Amino acid sequence: MAFTDRLLDAWYKGHPALALLRPLEGLYRRVVERKRARFLAGEGDIYRAPVPVIVVGNITVGGTGKTPLILWMIEHCRRRGLRVGVVSRGYGAKPPSLPWRVLPDQSASEAGDEPLLIVQRCGVPLMIDPDRSRAVQALLAAEPLDLILSDDGLQHYRLARDLELVLIDAARGLGNRRCLPAGPLREPVERLSSVDALLYNGAMADRGDGYAFRLKPSALINLRSGERQPVDYFPAGQALHAVAGIGNPRRFFNTLEGLHWRPVPHAFADHAVYSAEALTFTPALPLVMTEKDAVKCRAFAADDWWYLAVDAVPSDAFVGWFDQQLLRLSP
């Protein structure tokens, strides 16, 4: 087991050695609390966009289903006649310059895997830059927009925001509820009391403190041909290689098992860089990966490589609440 996997396991299942990291946790907490206090006091260089900004993020390390929910939000806003743009840090991207407009024919190494996925799926105007304030300004200079979605950036306080949504994995929760490096939290758990809404990925129903949403498999898509098949394309009991380089690979493997297949799991680091050699497994079986991984593998994909497209399905209560917020934010 890799070091990062062991650390995640300790954060979410407990380990006595984490007590040794509490002095560092104390230092980390003071830094992030001071940073937020400066934002609340209006100190520093804070940019407020001329259009509403909605931040979709989390306070935990690891995946929470953020990209599928952002895709849902883009389409939902478009159906209401809103022109939407997205800004992202572009983790792992190496663009020629910053800020950088992501286009569907770019490579994942240039644009970042998640931004490229979003643009290829729905063609939204999207700008990457670690400085999200600069990304928003560049995007507004390039496109007439009514609304900006910030992919992550909850802790990027230089960008003023009108709405904060925080996603939590319902199965893993907040782990030991401690901050880095003694736990998985980017900010103290008390931060959740100040956000506008919590969304629990995988929850069976809305909770007293937040809304439920789930990820619904929608299709199997061939990496080479683009052929689209229903999720029952493989028969029950089909053995296949399952590749996931996401924040929580186990969730993807569980999804495949829920479709009654027998996945041979191959977990990679989040934002992993792939090669044909790295994805050559024995025995020879069909290979199914996440859509986020697929954007990095099309150039060398084999004929029997597929990705599982998933769609976010939020609860009716969240949809109603979100529509109210859009009305409130509309000019």
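Using N, Cα and C of the backbone, Cβ positions are placed for all residues, glycine too.
Features as listed in Swiss-Prot:
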BINDING   THR60, VAL61, GLY62, GLY63, THR64, GLY65, LYS66, THR67  ATP binding site
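Reduced to three states, the DSSP call for THR60 (ATP binding site) is strand. Between the candidate binding-site residues, GLY63, GLY65, the densest Cβ environment within 10 Å is the one around GLY65. Within the same chain, the residues at least 6 positions away from THR60 (ATP binding site) whose Cβ sits under 8 Å from its Cβ are ILE168, ASP169, ARG172, LEU174, GLY175, PRO184, LEU185, ARG186, listed in sequence order.
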